[in-house]
Amino acid sequence: MIIDYLAQQDPEVAGAVAREVERQQHNLELIASENIASRAVMAAQGSVLTNKYAEGYPGKRYYGGCEYVDQAEQIAIDRAKTLFGAAYANVQPHSGSQANMAVYFALLSPGDTGLGMDLAHGGHLTHGSPVSFSGRLFDFKHYGVKKETGTIDYDQVADLAKTHRPKMIIAGASAYPRTLDFEKFAQIAASVEACLVVDMAHIAGLVAAGVHPSPVPHADVVTSTTHKTLRGPRGGLILSARADFGKALNKEIFPGIQGGPLMHVIAAKAVAFGEALTDGFVAYQQQVVKNARALAAHLMEQGIELVSGGTDNHMMLADLRNISVTGKAAETALERAGLTLNKNAVPFDTENPTVTSGVRIGTPVMTTRGMKEPEMAVVAGLIVNVLKNISNDTVIQATRKRVMELCEAFPIYRDNDNG
C-alpha cells in the first residue's frame, strides 16, 4: 500500500497521516464542507498522473506526451457535463475560489460592480468580502437575509440591483440552510442586464442528485468545488449551459490565473463524477437531507434555535445566544467530546467574528459513514448535552465515550464499500 511506502521513506509525515486517519475514524465530523472521498478517488489522486505537466487543454497542449492525461481530462469534462446537464465544463480550477476568480475576470473589469450575499449572512469570502481579491478588485454590494425569517430577502436583492445596476450578480452561500430560488435570481439579473453566476460549492452533490434545483438552466455561469457534498477530491469546477462562454472562461483559467493543471486531481474528479452518476449516489444525497432535517428537528425540540427554523439541504446554522454560549466555546467543548464542527457567525451577529454566536452543522460525513435518522436523534442529544453542560468535564468525557462507540459502529471505510 502507498502508506507503507510512505512509512518506510518518511516516518514523520507517515505518522501525521496515521494520526489523521485515527482522528477521522474516532471523531464525528459535523463540518458541513467536509466529506470522505472514496478509495478510488484517492487512488486516482495518488497516481503517476502527478508526474505530468500538461499546460493547455485536451488536444491543445504546450507539452508532449499528453495523450493519456488528455483522455483523463476529457472523461472528467464529459462526465461533468452529463452530471449537471451543462454544455460547457472546465475541470482545471485548483479550488472553488480560483473558479470564481476566473469567472469574475471573464465577466468583469476591475472596478465593475457586483452583487453578492453578505459574508455575515452566510455568503462566502469570494462574493465580495473586502479581505478577498473579489472585494479588493471589484465594487461589490451585498444582500442578506430577513431578520424575522432568516431567509434571503429577494426584495432587497431586486432593490439593490435596481439601484446599483451590477454587471454581475452571484448567488450561493457557505452557511445558508434553505433552497436557493435560482429562477428568481435570474429574473432579477435579467431586469438590470446583469450576468448571473451561481456558486453551488456547498450544494453541488445535492444538485447532481436532483435533491436541490439546478442552477445550470438559469445561470450564465456556475462554479463549484468538487469535494463537500460532491464527495470528490479538493478542487474546483466551472459549468455553463452556454457553450459560447467556453473560450473566454478557458483562457481565464489558463493562461489567466493558472499554469499547469493538476492532472492527478482531474483524474480523481473524473472518478468522483462517475460515482455521482450512480443510483447509489442519488440515494446517498437523499439521505443527507433526511438526516439534516432529522438532526435539525431533534436539536430544536431540545431548545436549540436554528437560523430560518430548520434546513432544506445538508446543513443547519445554530444560534446559541438563547443559551448564552458563544460559537467559539461551543466548538472547543464539542471537539473535546469528539464532535467536530465550526463556529460561525449568525445573521445580525454582534459577537467578534473570531468568537461568533453560532455553529454550523452538516450531515454529509455522518451519512457517508452510514448513519440514518435514528443516529441523528442520538447525535442531537450528545450535542445538546455538551452545550448545556459546557464546563462539565464529566459530561464531556461521557459524551466522548459515546461518540467513540458510535464511530466504531460506523467506520469511515468499510471493506465492502467504495471507500
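Cβ atoms here come from the backbone N, Cα and C positions, even for glycine.
The annotation (6S)-5,6,7,8-tetrahydrofolate binding site is assigned in Swiss-Prot to L119, G123, H124, L125 on the grounds of sequence analysis. Around G123 ((6S)-5,6,7,8-tetrahydrofolate binding site), the same-chain residues at least 6 positions away in sequence with a Cβ under 8 Å from its Cβ are G116, M117, S129, H142, G172, A173, S174.
Swiss-Prot lists K228 with the feature N6-(pyridoxal phosphate)lysine, giving sequence analysis as the kind of evidence. Non-local contacts of K228 (N6-(pyridoxal phosphate)lysine) by the CB criterion (under 8 A, 6+ apart in sequence, same chain) comprise A32, S33, E34, N35, A201, H202, A204, G205, P364. In the three-state DSSP scheme, K228 (N6-(pyridoxal phosphate)lysine) is classed as helix.
Under a cutoff of 8 A between CB atoms, and with a sequence separation of 6+ in the same chain, the neighbours of H227 (site 'Plays an important role in substrate specificity') are S33, E34, N35, A37, P233, R234, G235. Annotation source Swiss-Prot lists site 'Plays an important role in substrate specificity' at H227, citing sequence analysis.
Around H124 ((6S)-5,6,7,8-tetrahydrofolate binding site), the same-chain residues six or more apart in sequence whose CB sits under 8 Å from its CB are G116, M117, G172, A173, S174, D199, A201, listed in sequence order.
Sitting within 8 Å of the Cβ centre of L119, G123, H124, L125, and not among those site residues for (6S)-5,6,7,8-tetrahydrofolate, are the Cβ atoms of G116, M117, D118, T126, H127, G128, S129, S132, A173, S174. Listed in sequence order, the residues of the same chain lying 6 or more apart from L125 ((6S)-5,6,7,8-tetrahydrofolate binding site) and placing their CB within less than 8 Å of its CB are S97, L119, V131, S132, S134.
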